Every structure is written in structure tokens, then in C-alpha cells.
Amino acid sequence: MHATPGHFMLEPAYDPNSGTGTGRDAIGLGRASGPGLDVRHGTLLTLEDINVSFDGFKALRDLTLYIGVGELRCIIGPNGAGKTTLMDVITGKTRPDSGQAFFGESLDLTEMSEVQIAQAGIGRKFQKPTVFEALSVFENLELAQNADKSVWASLRARLSGEQRERIEDVLTTIKLDASRQRPAGLLSHGQKQFLEIGMLLVQDPQLLLLDEPVAGMTDAETEFTAELFKGLAGKHSLMVVEHDMGFVGSIADHVTVLHQGHVLAEGSLEQVQADERVIEVYLGR
Amino acid sequence: MNQPLALTAAQKAGPRLTLAALGAVLAILVALPLLSLLPADNPLQVSAYTLTLVGKILCYAIVALALDLVWGYAGLLSLGHGLFFALGGYAMGMYLMRQTAGDGLPAFMGFLAWTELPWYWYGTSSFLWSMCLVVLAPGLLALVFGFFAFRSRIKGVYFSIMTQALTFAGMLLFFRNETGFGGNNGFTGFSTLLGFGITAPGTRAVLFLATVALLVISLALGWGLARSKFGRVLTALRDAENRLMFCGYDPRGYKLFVWVLSAVLCGLAGALYVPQVGIINPSEMAPTQSIEAAVWVALGGRGTLIGPLLGAGIVNGMKSWFTVAFPEYWLFFLGALFIIVTLFLPKGVIGLLRRKGEQ
């Protein structure tokens, strides 16, 4: 959906072809998803030589990571390895000191604002489940849904039958059908986790970043989440940060181990677990 | 089975009751100015004092509603809405002063030995242009302030402090005679509005009706916004701004829109307040005035539309009684009221009524 001129917005939609500074500080305010993403070489996310430091502390050191289209990648690593910082860099919350971050072939993430990055098709789930507590489950999904998100569009927005159907589908998928009218603040921890996953589903991003998605879930819920993610991979790319090795083993075909802001090892879970350096980091010698 | 049925019945009765109460209040508000036109010896006649008092409270109610739009829905606590109210009032006051002065300069400029109108007074003899100023002055100030504040992601208590500082700065500026708005005396001694005597019963009645109309329009506007997706985005913004950004919404445009709308509503309320009360001076910009407005909203129940109106009515009704009966204790009482509401009525009077209704 494209905004027509005259809509209330202050920020031009991110146009990689314009070449002029529609950077982070250009004020003004947006619209729905940008131009079709160019993923000619099958790589959805490219991070090269990323460095981030906070007051001299190096959170990420020369980090290089590629995520392919439709891939399900798990990121593991001990505390302080830089997993959350990595997500912050991808979503524009933290700017790298140096290095390149590209979404598709042409979108430079270091030049885009958080909102533009979200509109370009990167969704994020936080470590602590964050939903809009005062709104009902249905309304949470309605807001997250992929649509024109400018002020003007919101003032006159009506749900189309198709959009309503999509929300209904997701409600069924995340098993919150019966609670659709409940305020999200009254849901249990596990239900909030699912609602947030559902919000990512209706947002329909090409890349989903999930920070500890099964924290606080029961075994049955964890198993269900694993099935859900496996179903998503292929159509979407997923990057999952998780401590639960059982969960990682059940979903991942490819695992990256971070240690002190650097990629320590990459490969299948078995390969990684057999790696001397990984054992050293995890068990300590 | 019984309980859900009973619940739905209560939910259906709730809005109907609210609507009936609203209708009754509206009928009284329309009847008041008409009754004021009756001859003085008629037992049903409403005095000019009562009409002015109620008109004044209605103007405050509009301010409360406007403040609630930004505080209750978007979570931006403004402690400077008195400034927007006063700016609208001053814009109207400029026109009234020009009406009084005729072809000459407003009297206070004579005292300053000014021989020429300052540039910003040009055109104020036209009612239409003055009405534009009523909207533009608070609207543009809110736009510029909001643009920078929201761009810098200022929120929470920092935002409140900045708005408080803004209204304080405005007050200091308007206190100066050189600013050209009558210094600490402000504007008063108005004679006519559009050629009609400003204290004439007919003029008072029409001004009162205009205030009622503005209140109804503001209420309808607020209702429409609260029910739209825009309103839900505002609520989401209040509760989890970061989440909203990662959903692809830019909070700045949303905040700016509701912020400017709120300021303009305040300005319009101020413009109706001045001819009814007969005076505007910089004390309307005093920080305490804006804080009091926040008390109205908190008392009535923020995040609801009727709550702030109730709050403004209750506090100001009490104020006009208290300041006559026990003038020295009013501020203590106001403080106590605020503490009681914070401790025992987190959802305000409206929350209390709803709880009663559910029982």
C-alpha cells in the first residue's frame, strides 16, 4: 500500500535510490512497507566487521554474520556475548561504530531509523514480552498488522474483511481465540509470549528477530513454539537468540556461537557442540 | 449462563444510563441561557452571575478534555496547557480591545506613550482574523514545541517540566509592558463584541451557547478519536512506545497531531472564556493554573471522556463555594483532594461510578 501525496507525514518513506540524506534524523513520519526487497544473492541480512563499544567496553568486535532467505538461525552464547546488542544494531536501536549492515542487497540499516527498518520488514520480539496491555488481544493484532501506518491512514482506518480474516487465522494459530476481547495485560506470561509472536506474524516481516522466545514457557508451550517456528522458516527468515539448548536442538539447522562480541563458531548444533573452543567458553577450563 | 447474561444487560444499561444523563445535562445547559433572558422578577430567571460562572466552568471543562487527550490517551502529562488557553484568550482580547478603542490605540498603549500599533496587532480589528489568531497562536506554538520535544524523544517527567517552564516563560513575557499585551493588567474593560454590548443578556446567552456547542464538538471529536485506530495507537504509545516503533509506527507524528489538536481546543476555550469573564491577564499562564487543570483530569478520571468534564465541574464548583465560605483554606483543600484521589481513587470519580454501576 502506498501513501498518496497529501497524507499527514513528515518523514519520506525510505527510498534507497534517492541517495540523499533520508537518515535517522530526518523528521517525519512514515508509511507502510518500502519497495520490494532485492535479495538476488539469497542473502537477506549481511553484517560485516561490525564494531560497537559502550564507554570503552567492546560489545561487538569485528562481527560478521550472514543470514540467508528462509533460514532459521539460532544465536547462542554466554551472558554478555553481545546477543542483544546484535539485535539492537539490526533494528537501528544502536548504531555501530564501524562496519556494514545491509538488509537485502541495497538497504543500509545503519542509515535507517528504527521505524523505517521495521517498515522495511524486520520484526523484533523482546526478551521480556511487551504487548499493549490496555488494548484487547484482537486490537493488539490489529495494530501490528501490516498496513499503512501513517497518522492520516490511522484516523480513517477500517478493517477490511481480508485483514479481519488474517487476524482470525493468527488468533487460531496462537490459540488465543477465546481471549480475543481480553485486555492483553490480563494474559498469563506464556500467553503474552504467544501474543507477541502473533503480532510478528500479522506484521509479516521478512526477517524475524526473536529474543529468548520460550523463556517462562511450559514444556508443551515450548514444543508448540518450536513447531510454529519450523513452519515459518522458508517463507520468513528467523534469527532466534536462546539459552535453552533443547529448544535450539529441536529447531535449528544452523547455529552461531557468540563470545565476547565475536563469532566463535558456526555450523550445525552437533558441530558446534563438539568444537573445542565452544566447550572451553561454556565450561571454562 | 446467568452471569454472562446479567453482565451483558448491565453493559447495555450502562451506556443507556450515561446517554440519558448526558442528554439531561445538555438540556439544562441549553435551558440556562434562555432562562437568563427572562425578566428579573420571574422566579425561574437565572442571574448573570450564575450564567457567567457556569460558562466559565464549561470553558475549563473543554481544557480538561483537551488535556485528557494528551495525558489520558497519549500519556503526555502537560503542565503548561494554561499557556494555550491564555493565548487563545489574548487573541480574542486583542479584538475586544480594538472594538473598545475604536479608531484609536488601546488605552494601555496610550499610557506607554506608543503612537503606533505593534506589527502583531495589525488586522486584529477584524473579527475573522482574530479568530484565525485564536487557532494559529496556540496551534503554531504547540507545533514548534512539540516538533522539537518529540524529535528529541523527550518524555515523562522531563516533558512535564518543559511544558511547565514554557508556560512560566510565557507568563514572564506577558507581564512585561514592552511585550505589548497590557503587562500585568492584561486586557479588560471590554465594551462590544461584533457591535453587541458585551454585558447585554443576549450576548451573554449567545456566548454561553457557543461554549456549550464547542464542548459538544470537542466531546464528539474526542469520542471519534478514541474509537478510531488512531486512538488505539495513542494508547499503545502510552503503554509501550518501543514496541510500537518496532511495529512500524512513528510515534512522532501521532504525538504531534494530538498535541496540536489539544492546544487548539484550549485556545478556542480561552477565546470563549475572555468575553464571558471580562478579563485576561498573565496570571492565567501561572504554573499553578496548569497544575490545577491536571488535578481536574486526575479527579474526574483520565483516559475517559466524561471524567475530565466531571472533574472540572466538581473542582471549580467547590472552588467557587469554598473561596466565598472559607477563602483561606481553598488551597489546602485542593491539595488534600489531590492526595485523596491519588491514594483512593486511581481511576477518578468515573472509576468510582463504574464500580458502583457494576455492583
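Cβ coordinates are placed from backbone N, Cα and C, and glycine is handled just like the others.
Unlike curated records, TrEMBL annotations are generated automatically.
Some features that TrEMBL has for this protein:
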{"type": "TRANSMEM", "residues": "B:20-39", "note": "transmembrane segment"}
{"type": "TRANSMEM", "residues": "B:46-67", "note": "transmembrane segment"}
{"type": "TRANSMEM", "residues": "B:73-92", "note": "transmembrane segment"}
{"type": "TRANSMEM", "residues": "B:127-150", "note": "transmembrane segment"}
{"type": "TRANSMEM", "residues": "B:157-175", "note": "transmembrane segment"}
{"type": "TRANSMEM", "residues": "B:181-198", "note": "transmembrane segment"}
{"type": "TRANSMEM", "residues": "B:205-226", "note": "transmembrane segment"}
{"type": "TRANSMEM", "residues": "B:256-274", "note": "transmembrane segment"}
{"type": "TRANSMEM", "residues": "B:295-317", "note": "transmembrane segment"}
{"type": "TRANSMEM", "residues": "B:329-353", "note": "transmembrane segment"}
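Remote same-chain partners of the transmembrane segment (B:329-353), defined as residues 6 or more beyond its termini with a Cβ less than 8 Å from a stretch Cβ, comprise 292, 295, 298-302, 304, 306-307, 310-311, 314-315, 318-319, 322-323.
Through the fold, the transmembrane segment (B:73-92) approaches residues 63, 66-67, 124, 130, 133-135, 137-138, 141-142, 155, 159-167, 170, 174, 181, 186-187, 225-226, 231, 234-235, 237-239, 254-255, 258-259, 262-264, 266-275, 280, 282, 284-287, 289-291, 293-294, 303 of its own chain, all at least 6 residues removed from its boundaries and within a Cβ separation under 8 Å. Counting Cβ pairs under 8 Å to the transmembrane segment (B:295-317), the top-ranked stretch among B:157-175, B:181-198, B:205-226, B:256-274 is B:205-226. When each of B:20-39, B:46-67, B:157-175, B:205-226, B:256-274 is scored by its Cβ pairs under 8 Å to the transmembrane segment (B:181-198), the top-ranked stretch turns out to be B:157-175. Within its own chain, the transmembrane segment (B:205-226) is flanked in space by residues 26, 29-30, 32-34, 36-37, 51, 54-55, 58-59, 61-62, 65-66, 68-69, 73, 193, 234, 258, 261, 265, 268-269, 272, 275-276, 305, 309, which lie at least six positions past its ends and keep a Cβ under 8 Å from the stretch.
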